[in-house]
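Data block below; observations after.
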Amino acid sequence: MLLVLNVNNTNTLIAIYSLHADGSTDELRATWRISTRQGQTADEYGILVRSLLASEGLVCEAVRDVVIASVVPPLDWTLRQFCERYFTSKPIFIGPGVKTGLPILTDHPTEVGADRVANCIGAFHRYGGPTIVVDFGTATNFDVVSRKGEFIGGAIAPGLNISAEALFARAARLPRVEIRKPAKMIGTNTVDNLQIGLFWGHIGLVDSILERMISELGHDVKCVATGGLAQVLAGESKYITEVNETLTLDGLRLVYEAQRASREKSGGNRGA
């Protein structure tokens, strides 16, 4: 089996795929979303992942390879230790210097996060291009992949939860509120007012950026949502036509397949 970890600032998404002898992957066996904690130890990760696998009737010993995309550098060493201690292989970290097969046509390609690279690879494989991926996470990322399958840039905005926490932290009389679609547009109490402003304000931000990106691209564009808040927000967008919650994971799986094929071609096959 192939274990995939997408480590973000707020949540970590974990997935397990079937892995065949030739290095190909297909069936997504299970996914889990856990909180990201920088103080977590390698053994805590090991105990947690072992328990998650057991809940699906799976065991750590069946995991042949691990691929990781992390935007939390302080956790990288811990994750490496966790993988080497609980599995039989060193993890593959997707980051600068790792060939992904995705041309990155930006001013500073090494600055592009692994999750954004994976989003574009997954999107182009599934939908072709041009495609815009809106990733509703800690930040709301807009990742643009061209008709030729190139990452040509995008945008980064504060995520909805960050905006809500900023209001709570900086305005003494404003409470922390649940993120959900408001029942009406004119609020009659503070909680309603906050939910209306946060929810519809973020939808307005997303659609405003998408409208201008689509205009700049100049042709038909597919807009896809992923990330922890995609199911909450995407349905209200005028431009997002699909939610794909496993898009980043699928992109990481495809990078793994390309990496394994490259190693085998160059004589660096690690074996099963």
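Positions of Cβ are set from backbone N, Cα and C atoms, glycine also.
Remember, it's a predicted structure, so these values are computed and weren't measured experimentally.
Annotated ATP-binding residues in Swiss-Prot are ASN6, VAL7, ASN8, ASN9, THR10, ASN11, THR12, LEU13, and among THR106, THR110, THR131, THR138 the one listed with them is THR138. Across the structure, THR10 (ATP binding site) and ASP135 (K(+) binding site) place their CA atoms 13 angstrom apart. Considering other CB atoms within 10 Å as the measure, the emptiest surroundings among the binding-site residues ASN8, THR10, THR12, THR138, THR190 are those of THR190. Within the same chain, residues at least 6 positions away in sequence whose Cβ sits under 8 Å from that of ASP135 (K(+) binding site) are ASP115, ARG116, ASN119, ASN141, PHE142, ASP143, ALA225, THR226, GLY227, ALA230, THR248. When Cα-Cα distances from ALA114 (substrate binding site) are compared across the binding-site residues ASN6, THR12, THR138, the shortest belongs to ASN6.
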